Every structure is written in structure tokens, then in C-alpha cells.
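Structure first, commentary second.
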């Protein structure tokens, strides 16, 4: 049951992983735990174009805002970026030449579904994929101070290779925060969890799911596949709200 819920949450996160920062109100309170937490507003410096002259230093955290999500990597120097990306190909072949080719959308999607990824080293241009790059923007959004630049880069280099993948618990943001700050954490995941909690706490969703369940029973007929969700989903939301 727990595995099923985790799977559903991850698929929901894939859909909700669309610029959640623009959908959620700003968080006005800080958390007092000892782990990686926000301390102030993010650095909103305009992204550097991918083709512009590089001003990155070894150990910099590079952030690439894209249409559906934000991608992260660690600059290693000499036009090299280490980043974690979902990829099915390392599971299917050991041919390093094929694996090192740019990850296509098909490879990426199958990697997400199979929960497999690789931490790989690409050029800055391939990493950015035409988007602008924000260096070290996360430094202003977390409490922990960055590790030394060399330690950050060495951590990233040591992790290069095939890894397991999870949209919620082990994505590219977990990789870079571990390398740069010493603790793996994803602010995007935190925002999603906050959004999910607010969704569950809204009692109007109980009525909405009950109504949708009744409509499904009207159009699809009364059966276990329609009655059980109609009863269990509103009940679960009601108890959790």
C-alpha cells in the first residue's frame, strides 16, 4: 500500500512539478531545524545565456530554469558540468559511447518511469540545452553555508555513474544540495508537499471528489471499480483534513 501511494505521489509530482514557486504564496516563516532550510529570498539575477562567455568557477551550483521544471548541476571547470538526469539507457547497454550521447526526451521519460538515472558530465551548452543559467542562486535560499569549492566539485565527481531516481526523494536538486551544502534536499519537493497538504486540508475537495465519484457511477454503472473509489477517496480526504 505504501509503495502504491508513493508511486501515485511521484506521478502527481511530475504533473505538479511546473513552476510551483509561481503557484504558491511566499513562505513567510523559517524552519528552525538543523537541516538545510531557507534563510532569505533567492538571488533573482537574470540567467546567463548558455552561449555567453563563461564566468563560472569550479564548484558553482548551476541552475537552469526551464518551461516545466528547473534543472541543476555542479560546474567542474573546463566547460564540464556534473548533473543527475533520469536515463534508461545505462540499464539497457554498457556502451559508454551511446550512454554519453545527449539524453533524449524518450530516454529521460523512460528513466523517470523506471526510476533509473545517471550522474553524468556534459558540456555547459549540452547541460543548459539552450536555456539561461543562474549560478549559485540557491545560496540565498538556504541556511547552510556552501562547502569549499574544491570539496563541492570532488563530491560531484565521486558520484558520477548510474543511480536510482525518484521525483520526490532523489532528483537533480538533491544531488547538487548534497554536493554544495552537505545535505541532500529539494526545495521544489518541499513546495510540492506544502501544496499537497493545503489541497488535502481544503474540505471543498471532499465534496468535489464525492461528486465526481457519483458522476462516474451514473455514467459507468455501479461496480466495485466505481463504488470503492467513490467511498474511500472522500473518506480519506475527510479524515486527513
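Placed from the backbone N, Cα and C atoms, the Cβ positions cover glycine too.
Heads up, TrEMBL stuff is auto-annotated, nobody curated it.
As annotated by TrEMBL, signal peptide applies to 1-23.
Look at TrEMBL and you will find 38-57 tagged as region 'Disordered'.
Per TrEMBL, domain 'LRAT' is recorded for 61-188.
TrEMBL lists 172 with the feature active site, acyl-thioester intermediate. Listed in sequence order, the residues of the same chain lying 6 or more apart from residue 172 (active site, acyl-thioester intermediate) and placing their CB within less than 8 Å of its CB are 71, 72, 73, 83, 84, 85.
What TrEMBL records for 206-239 is transmembrane segment.
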| said: Just to confirm my parser: what is the rounded mean pLDDT across the domain 'LRAT' (61-188)? | reply: 90
